[in-house]
Amino acid sequence: MQGPLLLPASCAKCPPNASCVNNTHCTCDHGYTSGSGQELFTFPLETCNDINECTPPYSVYCGFNAVCHNVEGSFYCQCVPGYRLHSGNEQFSNSNENTCQDTTSSKTTQGRKELQKIVDKFESLLTNQTLWRREGRQEISSTATTILRDVESNVLETALKAPEQKVLKIQNDSVAIETQVITDNCSEERKTFNLNVQMNSMDFRCNDVIQGDTQGPSAIAFISYSSLGNIINATFFEETDKKDQVYLNSQVVSAAIGPKRNMSLSKSVTLTFQHVKMNPSTKKVFCVYWKSTGQGSQWSRDGCFLIHVNKSHTMCNCSHLSSFAVLMALTSQEEDPVLTVITYVGLSVSLLCLLLAALTFLLCKAIQNTSTSLHLQLSLCLFLAHLLFLVGIDRTEPKVLCSIIAGALHYLYLAAFTWMLLEGVHLFLTARNLTVVNYSSINRLMKWIMFPVGYGVPAVTVAISAASWPHLYGTADRCWLHLDQGFMWSFLGPVCAIFSANLVLFILVFWILKRKLSSLSSEVSTIQNTRMLAFKATAQLFILGCTWCLGLLQVGPAAQVMAYLFTIINSLQGFFIFLVYCLLSQQVQKQYQKWFREIVKSKSESETYTLSSKMGSDSKPSEGDVFPGQVKRKY
């Protein structure tokens, strides 16, 4: 009985407002969307619903001085009163080819010019970086409040001077304004106003604009500021957990009515904001307004409520008029206790192994050469980085200390990878000079460049990053690099470059060794030693480099698995270095055996000396003892 429902739909089974594709699937016609959201479908009970192109997330842009009207399966744009198309048509759909031109009187044109002057005047204030940098936090909030109030007052005053111009729209790079004037009672078709500026919209009841005891026209203004959010940003919002990373994700908009500045409403106003950052990965959304207090102004949630949020827009209801915005918070992730245990245990083992490896490289004279020096510097950088990670990664207060810790970790990990690159360069030069044995020149070259490059290049990288983006060192949860503005690539960029360069170098080394092994037999031992070193360095490259690749893959359904792999491998890097370069080295094994025999021999000699000393002290005569043939005298 259920078989026919599983078969592909035919053209006869497609719902209204849909057409058939290849006689197997149905698709909704242009201007409609399926109830399931699928473009192609076979379910015979599917429906095709009209798309309202005039509302978010579609919000068709009709250009200046025009409004959008939705119809079944389509939409059209129409010029606002006082404007018309040059062609004489009343409706259009392409704003790029149609422009609404002003047909009003010279008085109305003068009103638009005055409105343009207001916009230009306040744009110069909003873009005056010197003004905002010179002021403190309280002064900034007070100045912003004054600007918002002055813009609203001047815009309403200008709109009311030209009441015959029902709708005025004007904008520049920083400010966009729409005003509507009501000269009569609210008719049925004008019961609700919809104002749109810069992809933000407001639905407003006409009865709240009409002020009964006021003679003459009334006006409503809707204003959007594209750059003001950089000034009165999320730092002026204090109604959330300090660990949440709050940011402003909309333009600041203002709504006002006149001539009387009535702030209370009979019914809430609906505001729709377009997100500055699309598809935000956030769990908290706040509809806020700019609240004036005795100690300056700040963002507040009083009277504002969230209605709906999607990837591109947020819709809010507010019971009063003011300046509004949308704040979002990246909530702090809960720590996995298992990962925490693995991290601390693994890093502790790694620290011990790195310390033993460094002591081996320093004290074992049989293996001391340029390659060992490179291993030693790599071990020291990783040891200091892991130690600082254990004791300082969670010290987020004070922020200055956290930023210093993040910068130090950035430097130490970059230095470790730089020394790993130098190991690759040294291996390549060694393999390249096998035909002409010239190890002394290689050693002199490496000794001359390794310390300036190994510690200088990471220092320059961190110095440039810190000078350019000092505020991105340290987050609310960790003393590490911030994810904003792609700042993490100041670390991952050099790491990926070093990983790629080393990979190319090691491929060249193996190619050279393969060619040498097929042509020479007298230097087999030298070649085999170099090949073994190359194998170890390549393994080290993948252990150290692939660890951070796993860190990049901590997204999607496999994020948890990648997090565990990243933590386990990263915390055992020191153990790997000690295993490969010390425990698996025959020379080091012999040195360990020698040291062990010397320790045992020293301990044995010490015990023999202690025993003989004790026996000697036991046989020594004490005062009052009488030996044979000796007469004890009495005094």
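Note that Cβ sites are derived from N, Cα and C of the backbone, with glycine treated the same way.
Straight from TrEMBL, the features:
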DOMAIN    50-89  domain 'EGF-like'
DOMAIN    166-334  domain 'GAIN-B'
TRANSMEM  341-364  transmembrane segment
TRANSMEM  376-393  transmembrane segment
TRANSMEM  405-429  transmembrane segment
TRANSMEM  449-469  transmembrane segment
TRANSMEM  489-513  transmembrane segment
TRANSMEM  533-555  transmembrane segment
TRANSMEM  561-584  transmembrane segment
COMPBIAS  607-616  compositional bias 'Polar residues'
Chain residues outside the transmembrane segment (449-469) and at least six past its termini with a C-beta under 8 angstroms from it: 370, 373-374, 377, 407, 410-411, 414-415, 418-419, 422, 485, 487, 490, 494
For the domain 'EGF-like' (50-89), residues assigned helix / strand / coil by DSSP: 0 helix, 16 strand, 24 coil
Annotated stretches the transmembrane segment (405-429) and the transmembrane segment (489-513) touching (3 or more Cβ pairs under 8 Å): yes
